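Trainee: Please read through the structure below; I'll follow up with questions.
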Amino acid sequence: MKIIEIRHPLVQHKLGLMRINDISTKRFRELSSELSSLLTYVATDDLEIETVIIKGWNGLVKIARIKGKKITVVPILRAGLGMMDGVLEHVPSARISMIGVYRDEITLEPIPYFHKLVSRINERMAMVLDPMLATGGTVIATVDLLKKAGCHNIKILSLVAAPEGIAALEKKHPDVELYLASIDQKLNKYGYIIPGLGDAGDKIFGTK
């Protein structure tokens, strides 16, 4: 599995700010969007471009243009919504698919409860958004669903991940790509990432 941990100073600085315990909801949202934008910049590095001729201010000009790559952005509800605006800054014409998966707090097993996928998703590259890759179960369930629908070109964008979750994802879906800001230390006995960010969904939406 292709794993890209982005160590750029801007990424690491913004991630560090997100780890502050008493960060405001507003600031957490802003940083989540900013980091997602930076992750998208790297994750789209392999998009094909073509040369086209346009009419410029002083005649015809050759320019580079992305070559018809169809993308669907797939935020995992609900925390993935906090990453969506940052991603769409770079791919504003991407179609949006929604997948809802929650993790049972006792068994830690993923439970899908909703999905709405774009048509002809088999022709698109899916960019799955989930800020926290902990046990990997939620992302694995999402990729299972996408592949069942015929989509096999899948990139996952996460802010932080635990080694255990990465290993589980790689075992089940070695053909996906993972882009993230940090591979953290471990999971605790409750399945939370250490040091992690806390509950990203609660911090994005201001709930407890």
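The backbone N, Cα and C atoms fix where each Cβ goes, and this holds for glycine too.
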Trainee: Which of D22, D199 does Swiss-Prot put in the same 5-phospho-alpha-D-ribose 1-diphosphate site as R78, R103, D130, P131, M132, L133, A134, T135, G136, G137, T138?
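Mentor: According to Swiss-Prot, the candidate sharing the 5-phospho-alpha-D-ribose 1-diphosphate site with R78, R103, D130, P131, M132, L133, A134, T135, G136, G137, T138 is D199.
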Trainee: Out of G136, G198, which of the binding-site residues has the smallest number of neighbouring Cβ atoms within 10 Å?
Mentor: G198
Trainee: What subset of the binding-site residues R78, A134, T138 lies within 10 angstroms of I193 (uracil binding site), using C-alpha positions?
Mentor: A134
Trainee: Quick one: what's DSSP say for I193 (uracil binding site), helix, strand or coil?
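Mentor: Looking at the DSSP assignment, I193 (uracil binding site) belongs to a strand.
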Trainee: Among all chains shown, work out which of the binding-site residues D130, D199 has the most CB atoms within 10 A of its CB.
Mentor: D130
